[in-house]
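Feature list (source: Swiss-Prot):
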- His14, His16, Lys100, Asp248: Zn(2+) 1 binding site (BINDING)
- His16, Leu17, Arg18, Asn42, His137, Leu220, His252, Ala264: substrate binding site (BINDING)
- Lys100, His137, His175: Zn(2+) 2 binding site (BINDING)
- Lys100: N6-carboxylysine (MOD_RES)
- Asp248: active site (ACT_SITE)
Amino acid sequence: MSDRLTLLRPDDWHIHLRDGAVLQHTVGDVARTFARAIIMPNLVPPVRNALEAGGYRERILAARPAGSRFEPLMVLYLTDRTSPEDIRAAKASGFVYAAKLYPAGATTNSDSGVTSIDNIFPAIEALAETGMPLLVHGEVTRSEIDVFDREKRFIDEHMRRLVERFPTLKVVFEHITTADAAQFVTEAPANVGATITAQHLLYNRNHMLVGGIRPHFYCLPILKRNTHQVALLDAATSGNPKFFLGTDSAPHAKHAKEAACGCAGCYTAYAAIELYAEAFEQRNALDKLEGFASKHGPDFYGLPRNTDTITLVRDEWTAPDSLPFGDNTVIPLRAGEKLRWRLLEDNA
């Protein structure tokens, strides 16, 4: 088994950078590894049109480390009021690459989200016409639905109908967490893909709940039972081009996570590709990592693959206990624990 792994530089097809002073930290972490990233728009207020996306993009670019060529790929936040004109203007901007469907209340800052998918059918039709993907947080959020069943219910109630109603629409089923979602994407037409996070490949709900509640494993969609984790590993390491890397790295200040009502989100951007390498190594599938991390995503979006490379080496190191996050700190996933792979910063 090789102790050195060289890949085409990967992209992150789902990340949260937040806004304001924290960008100096979050942008540096993602730019360390990734050439491009799909930037989630769930700010307060959300990124609802091309003008707001352009302003957010400029703030991200201003926070890039010196010499960085990292490219943020901007996303619109769909609301009940998003119009086809908003979609067409976003496409014409040249820097908005997708639109995001958050069911209202599904995750952090999603209160402005869509109350009924039927309300945005005209906007979805415009997405299909322009070729822009629809990114879907696939959970039903009604109070009577068990939190562990939200994803499957979304497939049954909405996802099948959405794909059938808009057969030419590119759809990314984001951060899938269940065997049901993996099977749905596998069996769906070629215009349906999915991102998978590192935490859902490496962990299941036992890691979060057994022996004490571990808030830094809490994210949405929530970690599921180990049988779903196995199905996600099967999908990610299969070589199927429908599945690609999306960290859903989502930082919150320490005090907001370690609280009586803690926020959802795992911070993985600081060591994302290293964590994915561990997951793929568990399956003896390191040869499949480059496709998942560096090829399938740009191919799905119709963008060129990166041409430069990164190199990982098998070299154990200890993750930091905390990282700066504006005036606060963020506790990264695996804080204080050993990681088995290390990114060569100089790519030597």
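Numbering starts at 1 and runs along the chain as displayed.
Including glycine, each Cβ sits where the backbone N, Cα and C put it.
Positions of the features from Swiss-Prot, shown on the structure.
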residue: His14; record: Zn(2+) 1 binding site; DSSP class: strand
residue: Asn42; record: substrate binding site; DSSP class: coil
residue: Lys100; record: Zn(2+) 1 binding site; DSSP class: strand
residue: His137; record: substrate binding site; DSSP class: coil
residue: His175; record: Zn(2+) 2 binding site; DSSP class: coil
residue: Asp248; record: Zn(2+) 1 binding site; DSSP class: coil
residue: Ala264; record: substrate binding site; DSSP class: coil
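The secondary structure of Leu220 (substrate binding site), as reduced to three states from DSSP, is coil rather than helix or strand. Each residue contributes its Cα atom, and for His14 (Zn(2+) 1 binding site) and His252 (substrate binding site) those atoms are 16 Å apart. Taking each Cβ in turn and tallying the other Cβ atoms within 10 Å, the top scorer among the binding-site residues Leu17, Leu220, Ala264 is Leu17. Between the CA atoms of Leu220 (substrate binding site) and His175 (Zn(2+) 2 binding site) there is a gap of 9 Å, rounded to the nearest whole number. Counting in whole angstrom, Lys100 (Zn(2+) 1 binding site) lies 8 from His137 (substrate binding site) by their C-alpha atoms. Comparing His16 (Zn(2+) 1 binding site) with Asn42 (substrate binding site), their Cα atoms are 8 Å apart once rounded. Around the Cβ of Arg18 (substrate binding site), the same chain contributes Thr26, Leu43, Pro251, each under 8 angstroms and 6 or more positions distant in sequence. Between the CA atoms of His175 (Zn(2+) 2 binding site) and Asp248 (Zn(2+) 1 binding site) there is a gap of 7 Å, rounded to the nearest whole number.
Between the C-alpha atoms of Asn42 (substrate binding site) and Asp248 (Zn(2+) 1 binding site), the distance comes to 12 Å.
Excluding His14, His16, Lys100, Asp248, which define the Zn(2+) 1 site, the same chain contributes Ile15, Ile38, Met40, Asn42, Leu135, Glu174, His175, Gly246, Ala250 within 8 Å (Cβ to the Cβ centroid), listed in sequence order. For Asn42 (substrate binding site), the number of other Cβ atoms no farther than 10 Å from its own Cβ, over all displayed protein chains, is 23.
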